[in-house]
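Colleague: One structure follows; several queries about it will come next.
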Protein chains: 2
Amino acid sequence: MKLLEDKIREVGRVLPGDVLKVDTFLNHQVDPKLMAEMGKEFAKLFANDDITRIVTVESSGIAPAVMAGLYMDVPVVFARKHKSLTLTDDVYTSEVFSYTKQTSNQISIDKRFIKENDKLLIIDDFLANGQAVQGLLDIAKQANVDVNGIGIVIEKTYQKGHDLIAETGIHLESLAEIKSLEDGKVTFVND
Amino acid sequence: MKLLEDKIREVGRVLPGDVLKVDTFLNHQVDPKLMAEMGKEFAKLFANDDITRIVTVESSGIAPAVMAGLYMDVPVVFARKHKSLTLTDDVYTSEVFSYTKQTSNQISIDKRFIKENDKLLIIDDFLANGQAVQGLLDIAKQANVDVNGIGIVIEKTYQKGHDLIAETGIHLESLAEIKSLEDGKVTFVND
């Protein structure tokens, strides 16, 4: 998605440790018009996947997921993150390890918000090691529903998340595919 | 806002301890079309307040704030919540006590995302004791910028948040004003 790639080129900051900071428009300050364009793009890319519901993880997934939900006319559910959770029968939970923060979180979704026969679209802001997506796939498995699509805002194609998803055969679309952050420079697959 | 009041009447659940659960459409599952209508309504209500930027707190404020930002054509910043924060010169921080969870969090906003001469609109999902709003007002004060509006999705008018804001003289608008949750029944100011 050219609009997004241009924005990343313009304001994205590459920091030591293979970090791309996009807090100017995505995960701290948010550019609502860009989010809306991203939502339209997701709606187009997953138009033939019979999606009935979008799931994401708080907080940075919420803005793109809600915009996608608006243009696809489906409800959105954001999984809650917890340091630790008192398990109850009311929620699906999964463990998500964050490589960036080197901590583990539990994510949970209330069982009322995934229905039998749902066809889920997972949306997230970043795909790197794929831990958040795997947590949501795990929850979908517990709920015994299909995941028909995975929509990512920014993918680091050289990390292991891409292959993990490829193995599942699920329709994956990333709006910006990054090939490298070497020498402090963002290189896209399209470049 | 009738659409929102109808939705609360339809699916809101009143729980012991003066709790109104709206996780079916606002703070766990999200109804994107309703969020968009709320965004339009906020844009109309604050059309004359010269707003340059919206601030909210993760996670439940994000969806309504981003929709308001879309229709007002201004950037949105969501404050991050932390258990405790290593203070740096780069962020504004404030302490927010949650009566619901009986815990204290720090919220923070990167100094790059509030500019000189900004006229802020604070948006949040609930107004009860007003702690989150006060934290954002505190951050605005540190940044030495004006807060020209406070937009709330659901206000419990009988709790102290309303009076705290009234004392500041800031333009307050709540899309649904609740007068009472007594006997497990939602009564609106408009009823």
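Counting starts with 1 at the first residue shown.
Cβ coordinates come from backbone N, Cα and C, glycine included.
Residues or ranges marked as xanthine binding site in TrEMBL: A:Leu20, A:Asn27, A:Lys156. Under the heading 5-phospho-alpha-D-ribose 1-diphosphate binding site, TrEMBL lists A:Ala128, A:Asn129, A:Gly130, A:Gln131, A:Ala132. The annotation domain 'Phosphoribosyltransferase' is assigned in TrEMBL to A:43-161.
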Colleague: Take the Cβ of A:Gln131 (5-phospho-alpha-D-ribose 1-diphosphate binding site) and count every other Cβ within 10 Å, whichever protein chain it belongs to.
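Modeller: There are 23 such Cβ atoms around A:Gln131 (5-phospho-alpha-D-ribose 1-diphosphate binding site).
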Colleague: Does DSSP give A:Asn129 (5-phospho-alpha-D-ribose 1-diphosphate binding site) helix, strand or coil?
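Modeller: Going by the DSSP assignment, A:Asn129 (5-phospho-alpha-D-ribose 1-diphosphate binding site) belongs to neither helix nor strand, so it counts as coil.
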Colleague: Sort the residues of the domain 'Phosphoribosyltransferase' (A:43-161) into helix, strand and coil with DSSP and give the three counts.
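Modeller: Looking at the domain 'Phosphoribosyltransferase' (A:43-161) with DSSP, the answer is 31 helix, 48 strand, 40 coil.
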Colleague: Let me know how many other Cβ atoms fall within 10 Å of the Cβ of A:Ala128 (5-phospho-alpha-D-ribose 1-diphosphate binding site).
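Modeller: Result for A:Ala128 (5-phospho-alpha-D-ribose 1-diphosphate binding site): 23 other Cβ atoms within 10 Å.
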Colleague: So which of the binding-site residues is most packed in, judged by how many other Cβ atoms lie within 10 Å of its Cβ, out of A:Leu20, A:Ala132?
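Modeller: Neighbour-count leader: A:Ala132.
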Colleague: Once A:Ala128, A:Asn129, A:Gly130, A:Gln131, A:Ala132 are set aside, which residues in the chain still have Cβ within 8 Å of the Cβ centroid of the 5-phospho-alpha-D-ribose 1-diphosphate site?
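Modeller: Neighbours found: A:Tyr99, A:Phe126, A:Leu127, A:Val133, A:Gln134, A:Gln159, A:Lys160, A:Gly161.
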Colleague: An 8 Å radius from the center of the A:Leu20, A:Asn27, A:Lys156 Cβ atoms defines the neighbourhood of the xanthine site; name the other residues of that chain inside it, in order.
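Modeller: Going along the sequence, the neighbours appear as A:Gly12, A:Val19, A:Lys21, A:Val22, A:Asp125, A:Phe126, A:Ala128, A:Ile154, A:Ile178.
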Colleague: Given the binding-site residues A:Leu20, A:Asn27, A:Lys156, state which is nearest to A:Gly130 (5-phospho-alpha-D-ribose 1-diphosphate binding site) when distance is taken between Cα atoms.
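Modeller: For A:Gly130 (5-phospho-alpha-D-ribose 1-diphosphate binding site), the closest Cα among A:Leu20, A:Asn27, A:Lys156 is found at A:Lys156.
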Colleague: With H, G and I counted as helix, E and B as strand and the rest as coil, say where DSSP puts A:Leu20 (xanthine binding site).
Modeller: strand
Colleague: Do any of A:Leu20, A:Asn27, A:Lys156 (binding-site residues) have a CA within 10 A of A:Asn129 (5-phospho-alpha-D-ribose 1-diphosphate binding site), and if so which?
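Modeller: Of A:Leu20, A:Asn27, A:Lys156, within range: A:Lys156.
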Colleague: Any same-chain residues 6+ apart from A:Lys156 (xanthine binding site) with CB under 8 Å of its CB? Would you list them in sequence order, or say none?
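Modeller: The answer is A:Asp18, A:Leu20, A:Phe126, A:Leu127, A:Ala128, A:Ile178, A:Leu181.
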Colleague: How big is the gap, in Å, between the Cα of A:Gln131 (5-phospho-alpha-D-ribose 1-diphosphate binding site) and that of A:Asn27 (xanthine binding site), rounded to a whole number?
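Modeller: The Cα atom of A:Gln131 (5-phospho-alpha-D-ribose 1-diphosphate binding site) is 18 Å away from the Cα atom of A:Asn27 (xanthine binding site).
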Colleague: 10 Å Cβ neighbour count around A:Gly130 (5-phospho-alpha-D-ribose 1-diphosphate binding site)?
Modeller: 21
